[in-house]
């Protein structure tokens, strides 16, 4: 990387260059020296150069008399410097006892002072401009630092109540910070948009939902209900969806006796309950009649396949016809899904040779004394 700093050339080098240019000018004109491209980028806003850096700025290039006059001035300046200076380069800058220091210090100071990074920072704009001061986090940071400094002067301990007062009291606008909800497992995006008054975004989101989705949305929370009620289009579609759903459910189920089944209630709900109860009872009666007819037909079909020692009995579990053996007190259900083999005395599973608890003979209590009025009591009286 090339440095943009240019030191004052020595008078000997200037004379050699001037003589070379004089010889060259007699043959053809000389092109003016141009600075390198990266020189302006390095210096930035500082564009000052030494006074004797370029002779072609004030004088025309093709005027030989002016050029010769300029070179004569350089020779005089060279004679004055030779009396006090023996070397060239940076030593002329570092020497403090030379009489021509006052003239060179002005040029050198212009280059040195403005090229240092500290002085370059002075010409740059400060970081905390008006736009950055309006940022909420910087305002909050400044307030917290000032309070903590004051607390540090009085006591070493931190008073968290004072910190809470600063946080709650100042209107810093921290609720508008981006990324404050990062790290949370669940974030209510619709509620955040509603609190920040982004109505145009909420309307775009609600336009992508159908009637059933809006019915589910309104039951999530009160904030979502408010969002839906404030949007006219979404609320109207929600109402139409509710009506269509009620009509569909009314077609499927003719009665709406319970509140769970009915989505929206009608003012004459008590009259509907009375009508629904009568319909339910009539339906139950019809169902029972139909079941009895079917069961009778089943018994007739099974009776045709019975043997001489068999009869029919109803199954204990399902009520279907079961083939009964009166000698073994055993019955087997004819239904394929049941096939229960049970004892007709105890209604339990068939226990073959084991004695049934209910079929045991009853132990009658024999009275010790005869009953009054009986034959034995009369005989006893005669004996006496």
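Glycine is treated like the rest: Cβ placed from N, Cα and C.
In Swiss-Prot this protein carries:
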REGION    1-20  region 'Disordered'
COMPBIAS  9-19  compositional bias 'Low complexity'
REGION    79-106  region 'Disordered'
COMPBIAS  83-99  compositional bias 'Polar residues'
DOMAIN    191-238  domain 'F-box'
ZN_FING   311-359  zinc finger
BINDING   315, 318, 333, 338  Zn(2+) 1 binding site
BINDING   343, 346, 351, 356  Zn(2+) 2 binding site
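Annotated features, which come from Swiss-Prot, shown on the structure.
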| residue | record | Cβ contacts under 8 Å, 6 or more apart |
| --- | --- | --- |
| 315 | Zn(2+) 1 binding site | 321, 322, 331, 333, 335, 338, 340, 342 |
| 318 | Zn(2+) 1 binding site | 333, 335, 337, 338, 340 |
| 343 | Zn(2+) 2 binding site | 329, 330, 331, 349, 350, 351, 356 |
Counting Cβ neighbours within 10 Å across all chains shown, tell me which of the binding-site residues 333, 338, 346, 356 comes out on top. 333
Do you know the DSSP helix, strand and coil residue counts for the domain 'F-box' (191-238)? 38 helix, 0 strand, 10 coil
Residue 351 (Zn(2+) 2 binding site) has how many other Cβ neighbours within 10 Å of its own Cβ? 14
In the domain 'F-box' (191-238), averaged pLDDT is 90
For the recorded Zn(2+) 1 site formed by 315, 318, 333, 338, which further same-chain residues have Cβ atoms within 8 Å of the site's Cβ center? 316, 317, 319, 320, 322, 334, 335, 337, 339, 340
